[in-house]
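Peer 1: Per TrEMBL, NADP(+) binding site is recorded for Gly160, Arg161, Ser162, Ile226. Feature annotation from TrEMBL assigns domain 'Tetrahydrofolate dehydrogenase/cyclohydrolase catalytic' to 5-115. Feature annotation from TrEMBL assigns domain 'Tetrahydrofolate dehydrogenase/cyclohydrolase NAD(P)-binding' to 134-270.
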Amino acid sequence: MAVFDGKALAMLIKSQVAEEVKKLNKKLKLAVILVGQNPASELYVRNKEKACSDVGIDFELIRFAEICKQADVVKKIKELNRKPEVSAILVQLPLPKHLNEREIIDTISPDKDVDCLTQANFGKLALGLSDFAPCTAAGVLEILKASQIAIQGKRVAVVGRSALVGLPTAHLLTKNNATVALCHSKTQKLKKITKKADILVVAIGKPKFITKKYVKKHAVVIDVGINKVDGKICGDVDFEKVKKKAHLITPVPGGVGQITVSMLLKNILLLNLEKK
Ligand code: GUN
């Protein structure tokens, strides 16, 4: 059993990005749109700002009130699309219910879409035409590669089918020749599927949902969940019990979350290098 050290890998990725940023002859800048004051989103955005500052990438936060108008957000994104000094645009999710999230995301110019959530960029990923992927999905792959976990031919279960995590992770691992079962809230006999998985990726937002009964012996367990229970942060996996059974497990906090932010920095760089 081993517990993955997210901090160490995040530091390594950040130092590599910082080196690359130094070599560029232009400044990079991330513009983030934050609607409302969701405490989790506020925290994530602060983490992104700090990460950018650590590696020498400029950062601009554009706030809208919870009750803002769709047209105003769309107009702002169009402005950012036109600004040459803005290299990457991110709309922090979730958005308030009254906004049309799909229209807002698709307003972002694909060459500034750092989250890889526009139809154009996500479509390329789904067709296997590009490795550019949403930060968390890219982070899951990075963790597996850094931990020297073989992917080709392995059985993977991804639990959760969100556009941010589950769906792109399934595409990325399929592209890396895994056999992927994409499971979700309507999946029947979930346990039967997860128990067969050599690699289990969990992103369903239910605290400690995955108990050891769901896990194959010596499996690799990647916990993407971030939940707050009684003021404490925990993942979607029952860490203490599952860690005894797993070959490798990512803790929460200190696992995937650390890597997601570093992959955002890497994605900013990739947009600039047009290596998507
Ligand atoms: N909300 C939670 N995670 C993310 C992310 O990676 N990108 C965006 N845009 N919003 C999020």
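Using N, Cα and C of the backbone, Cβ positions are placed for all residues, glycine too.
Automatic, uncurated: that is what TrEMBL annotation is.
Please go over these features one by one and say how buried each is and what sits next to it.
Peer 2: Over all protein chains present, the Cβ of Gly160 (NADP(+) binding site) has 23 other Cβ atoms lying within 10 Å.
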Peer 1: In the domain 'Tetrahydrofolate dehydrogenase/cyclohydrolase NAD(P)-binding' (134-270), how many residues does DSSP put in helix, strand and coil?
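Peer 2: Per-class counts: 49 helix, 28 strand, 60 coil.
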Peer 1: What is the number of residues in the domain 'Tetrahydrofolate dehydrogenase/cyclohydrolase catalytic' (5-115) that are helix, strand and coil, as DSSP sees it?
Peer 2: 58 helix, 19 strand, 34 coil
Peer 1: Let me know the largest Cα to Cα distance in Å among the NADP(+)-binding residues Gly160, Arg161, Ser162, Ile226, as an integer.
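Peer 2: Across Gly160, Arg161, Ser162, Ile226, the two farthest Cα atoms sit 16 Å apart.
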Peer 1: Hey, what's the Cβ neighbour count for Arg161 (NADP(+) binding site) at 10 Å?
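Peer 2: Taking all protein chains shown, Arg161 (NADP(+) binding site) has 18 Cβ neighbours within 10 Å.
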